[in-house]
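J.: One structure is given below, represented as structure tokens, and several questions about it will come after.
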Ligand code: BG6
């Protein structure tokens, strides 16, 4: 089936870094008949946009083959749309209809700042989309619980749920998808995946880059809404859900909901939160001079169910840290057994799920070589050559496969989990500064 892929925000940061390179790879594979409409506010004609892409090409397309880039560029038309101008949507829909023919589908990808979704929804009806057309909404989905409900209600007035794809690109990462396999396709891990054996769980998504030219966006969201509410909580649910009834979107979402409903921030949770801001953030473009927006957050929480009660779980994310690294670490309890005393301390077992930049699973265990105790590491190596998550997710959307997209009630529960944290943040005037390239704030 022919697909017309309509990218709103086509000259923005996300389009440049992730979406355009991904759609380029999908087009290159030649499996789908795709036309692209790049939508933006700029007064571009097609040639301006092609030039813009050529300039990106050197930096962003992994494949530098001139023929491939040329073929890709030929598939694109640029269309100016001012988001609150209905006549622009009508013009856009004329272009869509020209391109998609009788049986094609349209996919609208909204890569614009989430506060613009309302403008799009106010005008989307003018486009006369078909029921088989689809819309991809980026995260954050809303700004808090109430605004996410309001947004969802508005979406439901314009689109059927079947048409709506709420994206969290971490779910498209191969190593994140592998979590369910690792846990449930093996016999040896599930029996110890509980509070009898696990001491603590740490999930972190550290980034070495700063906010770049997204200061305006970031000021409205900060690390809690940009990363914690979505990517980190999604990884946490995959590490902690019970085995889903089947491998489909609804069964997995049902299990995620149960976990999110049982997450508790501790009674004195203020003690368990660290908010930080990298030095130099205030000088970034679009950032207010007195901004208290957090570029780093670390919280401790607990899952209150029979499997996990008592296990502290630490979620951390930050920008401008020492290195880019996303990991889930399961630390097991100490076996203080006098049997091995003469060999030195026995180390705790540990399972490390490396999500990026490498995609490995490391298992640490004790053993003996000659007269010495040694720690061994057994490794599942996935390599680094997997598809960009967006490529997987956009292809799934083209094929109508929703398994890796987020159901609204899951998002709603994620906002509920963070409610107290957001209130605390809004009322708190204190933010810990940290050096760029460090491990985050030093906190006593
Ligand atoms: C996005 C955030 O969702 O994820 C960005 O908005 C962040 O701020 C990005 O940089 C990180 O994604 P990845 O795949 O590079 O870890």
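Including glycine, each Cβ sits where the backbone N, Cα and C put it.
Bear in mind that TrEMBL entries carry predicted annotations, made automatically and left uncurated.
Computed from a predicted structure; not experimentally measured.
TrEMBL lists these features:
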- 231: active site, proton acceptor (ACT_SITE)
- 9, 10, 11, 12, 13, 14, 15, 16, 41, 139: NADP(+) binding site (BINDING)
- 169, 173, 207, 226, 319, 324: substrate binding site (BINDING)
- 6-178: domain 'Glucose-6-phosphate dehydrogenase NAD-binding' (DOMAIN)
- 181-441: domain 'Glucose-6-phosphate dehydrogenase C-terminal' (DOMAIN)
J.: Under a three-state reduction of DSSP output, how is residue 41 (NADP(+) binding site) classified: helix, strand, or coil?
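T.: Looking at the DSSP assignment, residue 41 (NADP(+) binding site) belongs to neither helix nor strand, so coil.
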J.: With the Cβ atom as the reference point and anything under 6 Å counting, tell me which of the binding-site residues (11, 13, 173, 226, 324) are near ligand 1.
T.: 226
J.: Residue 9 (NADP(+) binding site): which of the recorded positions 173, 226, 231 is the nearest Cα neighbour?
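T.: Given the candidates 173, 226, 231, the nearest one is 226.
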J.: What is the Cβ neighbour count of residue 15 (NADP(+) binding site) at a 10 Å cut-off, with all protein chains included?
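T.: By my count, 23.
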J.: Helix, strand or coil for residue 13 (NADP(+) binding site)? Use DSSP.
T.: helix
J.: Within 10 angstroms of the C-beta of residue 324 (substrate binding site), what count of other C-beta atoms is obtained when all protein chains are considered?
T.: 12
J.: So for residue 226 (substrate binding site), how many other CB atoms are inside 10 Å of its CB?
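T.: Taking all protein chains shown, residue 226 (substrate binding site) has 23 Cβ neighbours within 10 Å.
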J.: Averaging the per-residue pLDDT over the domain 'Glucose-6-phosphate dehydrogenase C-terminal' (181-441), what integer do you get?
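T.: Here the mean pLDDT over the domain 'Glucose-6-phosphate dehydrogenase C-terminal' (181-441) amounts to 92.
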